[in-house]
Amino acid sequence: MTVPIGIHDIALATGHYAMDLAELARHNGVDVNKYYIGLGQTSQTVTATDEDIVTMAATAARQIVARHGVDGIRTVLFATETGIDQSKSAAVYVQDLIGLPAATRSVELKQACYGGASALQLAAGIVARDPEQRVLVIASDIATYDLDSGGEATQGAAAVAMLVSADPEIAVLDETVGLYTANVQDFWRPNYRSTPLVDGKLSIGAYLEAVEQAWKDYEARGGSGVGDFAGFCYHQPFTKMAHKAHTRLLELKGIEATAARLHADLAPTTIYNRAIGNSYTASLFVGFVSLLDHSDDLAGRSVAMFSYGSGCVAELFSVTPVSGYREHLRTAGNRASIADREPISYERYRALRDFALPQDGTDLALAVASRGPFRLSSVSGHSRIYGAAHTR
Ligand code: COA
C-alpha cells in the first residue's frame, strides 16, 4: 500500500497595507464596480518599505515551524516570480530566519504563477522517496504592474507556506494530474524591468485555453469527472478569472454555467483573494485556504486545483481534505491578517510605489514600517539584511 502524501500544514501571510479599489477608481475616473464586480476585487495588499517576499514567506513559514518543529525538514522549495536576486535563492534567507537545520536543501523555483504548484508536486516526489522527510513549500509574491496601466487593479501580495509530508493532517495530494505547456508571450518580465510586460486580454485567452487542454490531459489519464469535486480552486489573478475559467470547464462538459452553479462551486475560494489581490504563485493556495476556512466539512471530498503560470504552464490536480483537518486550520489568524492591514489612500500607495531600494549599491537603513515578525532592516554591501522583530 502506498503511503498518502500531501499538505500536513498550511499558513498564510500578507503585507502591511490595504488599498481599497475605490481609491484606484477615484484616481482613474472609472466606476468602482468595474473593479468590485467586473474584476471581482475589493482591495489589494500593498507591502511596506521594509517588507518583501522573504519577510512574508518567513512570516508564513514560522507558523508551521512553531507548530511542528524542524525535524525531518531537509528541503525548502521557494516559488516566486518576484525574485530578489538572480543567483541566490530566497529560500536560503528563510532557512536562516526560521531556524532550519544547516542540513537543508534550499532552492527557488520559477515559472510565473505556476511555480507554487510545481513545488508542491516536486515536494511530494521527495516524500514518496523517503516518507520520513518533510518538505517546506513556500509561494511568495508581490504582484506589481506599471503605474496607470490596466494591470494596476490586479496587484496584491501574499505568501503561503505548506508542510508536505506522509500521512498529512490537512489534505492528501491525489496522484492524477493534467498538464499543459505552450510558448505564449502573454506576460513576462525581462531582467532589466521591475514590472512585467503583459498583454492582459491575451493572458485571459491563454489561461482559458490552458484550462481546457489541462482538463483534457487530466481526463485522458483517468481523472475524476467534474461532478465528483466538492470545490474548484483556480489561480486567481482577479477572482472573476475563476468564474471565466470555471465557465469554460463547465461548457466543455456540456454543463450550463448558471450564476447559482458558479457561486456554489467557487464562492468560498474567492473570499481572501478578493481582498488580497493577485499574489501570483501564492494565489491558488490563498484560494485553497479560503475554501478550507469558509466551508462545511470537506473531509473525504476532493477539491480540483488549477494552476496557471503565464508563458505558459498549467496543471490540473486535486487534493482531498482528511478527517479532522478542521482542527488544524488557522481561520481566525488568517482573517485577522487580512482585516488588520492598515488602509491607505491612493496618494499613500503612490508614494510607496515611488520608493525603491538603491539600485547602485548604496547602503540604506530602513525605518520600521511594518509590524510583522520579520522585516528588511537594511541594504548593506549589496546585500539585503533581515531582522526579527525583537532586533528592531
Ligand atoms: N460595472 C461592472 N463591470 C464592469 C464595469 C462596471 N461599471 N466596467 C467594466 N466592467 C467589466 C468589464 O465588462 C470586464 O468584464 P468581462 O471581462 O467579464 O467582460 C471587466 O469589468 C474588466 O474590464 P476590462 O475593460 O476588460 O478591463 P481592463 O481592460 O482594464 O483589463 C485586465 C482587465 C484583467 C486585462 C487587466 O487588469 C490586466 O491586464 N491584468 C493583468 C493580467 C492578468 O491578470 N491576466 C489574467 C490571466 S493570468
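Heads up, the Cβ atoms here are built off N, Cα and C, so glycines get one too.
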Among N273, N278, the candidate listed by TrEMBL alongside D31, Y145, K244 for (3S)-3-hydroxy-3-methylglutaryl-CoA is N278
Which entry in the list of recorded positions, H235, K244, has its Cβ near the fewest other Cβ atoms, using 10 Å as the limit?
-> K244
Smallest number of other CB atoms within 10 Å: among the recorded positions D31, E81, that is D31
Under a threshold of 6 Å between Cβ and any atom of ligand 1, which of the recorded positions D31, E81, G150 are retained?
-> D31, G150
Cβ proximity for G150 (substrate binding site), under 8 A, sequence spacing 6+, ordered by residue number, returns G200
